[in-house]
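The ATP binding site feature in Swiss-Prot is assigned to G57, I58, N59, G60, S61, G62, K63, S64; the stated evidence is sequence analysis. What Swiss-Prot lists as domain 'ABC transporter' is 5-243, and the listing cites sequence analysis.
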Amino acid sequence: MNVSVNIKNVTKEYRIYRTNKERMKDALIPKHKNKTFFALDDISLKAYEGDVIGLVGINGSGKSTLSNIIGGSLSPTVGKVDRNGEVSVIAISAGLSGQLTGIENIEFKMLCMGFKRKEIKAMTPKIIEFSELGEFIYQPVKKYSSGMRAKLGFSINITVNPDILVIDEALSVGDQTFAQKCLDNIYEFKEQNKTIFFVSHNLGQVRQFCTKIAWIEGGKLKDYGELDDVLPKYEAFLNDFKKKSKAEQKEFRNKLDESRFVIK
C-alpha cells in the first residue's frame, strides 16, 4: 500500500499573552521569551491507502488540532504533513457561512475546493437529497441546528469524493438514522481504499469502523497501531479515568496542561 498521509514531527505552539503589553514585547523584541502552549508536541505517523484511523483521547488532548492540520486548515509551527491526494474535512460547521443559505453554502464551499460552476450545478441535487434538509436548504445556515449544519457539511464533503477524508465529531450530532447513512457511505470509501481519519468519543463507532488507533494525550502521540492492540489500552485508561472523582479528573487534566506550558 502507498503512503497517503505522512505526518513528520508536527508541533503546534500557541503564544499565551495576558496583556497587550506582553503581545507588543513579543512582536518588537527579538527572541523575547513568553509563555507558550504546546497543543501538539512532535507527532509523527504514517497513514496508508485503506487505513481508517481513529483519533482518540479525552477532551483537550489535541485531536481536533491534529485533524485540522491534516486537513490543511491549520499549519504546524514545526514539522510537515505530506498528503498524496485531495483532502476533505467534515466537522460541525467547518467551512460554512452562517450568513449564506444552505444552497449558497454548497456553491461557495465547492468553489473554494476548485470546482467549476457547471460541476457544482450537476452535483447540487445529490447533495441536497443526501442532506435531507428539504426546504431548509434555502434558509440561512445561522438558523440551522448543529445537527442540520453537520448534515449539510457531511453531504458536501462526501459528494466531492476526496482521496483523504477527515471526520471530526461530525456524526456526534443529528439523528441516528442519518449517522448510520453516513457510516454506510464511509464504508464505501473504505472499500475504495481511501484514507480516513475519524475523530470521535463514540468508541462503539470507532470499534465498528476503524482499522487503526492514534491515541493522543496531552498533545503527544501516546500510542499508535492496530485497533485490537491500542483500543483496549485506551478503554482501560478511560474506565479508570471515569472512576475518578471530579476533583481527581481535574487534577489529572491540570497536570497534563501544566506539562504543555513552557517559557520560550
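Just so it is clear, glycine is given a Cβ too, placed from its N, Cα and C backbone atoms.
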Q) Does G60 (ATP binding site) have same-chain partners at least 6 apart in sequence with Cβ under 8 Å from its own Cβ, and which are they? A) R253, D257
Q: Using the centroid of the Cβ atoms of G57, I58, N59, G60, S61, G62, K63, S64 as reference, list every other same-chain residue with Cβ within 8 Å of it (recorded ATP site), in sequence order.
A: I216
**Q.** Tertiary neighbours of G62 (ATP binding site) (same chain, Cβ under 8 Å, six or more apart)
**A.** K12, A39, L40, I216, G218, G219
Q) Average pLDDT across the domain 'ABC transporter' (5-243)? A) 91
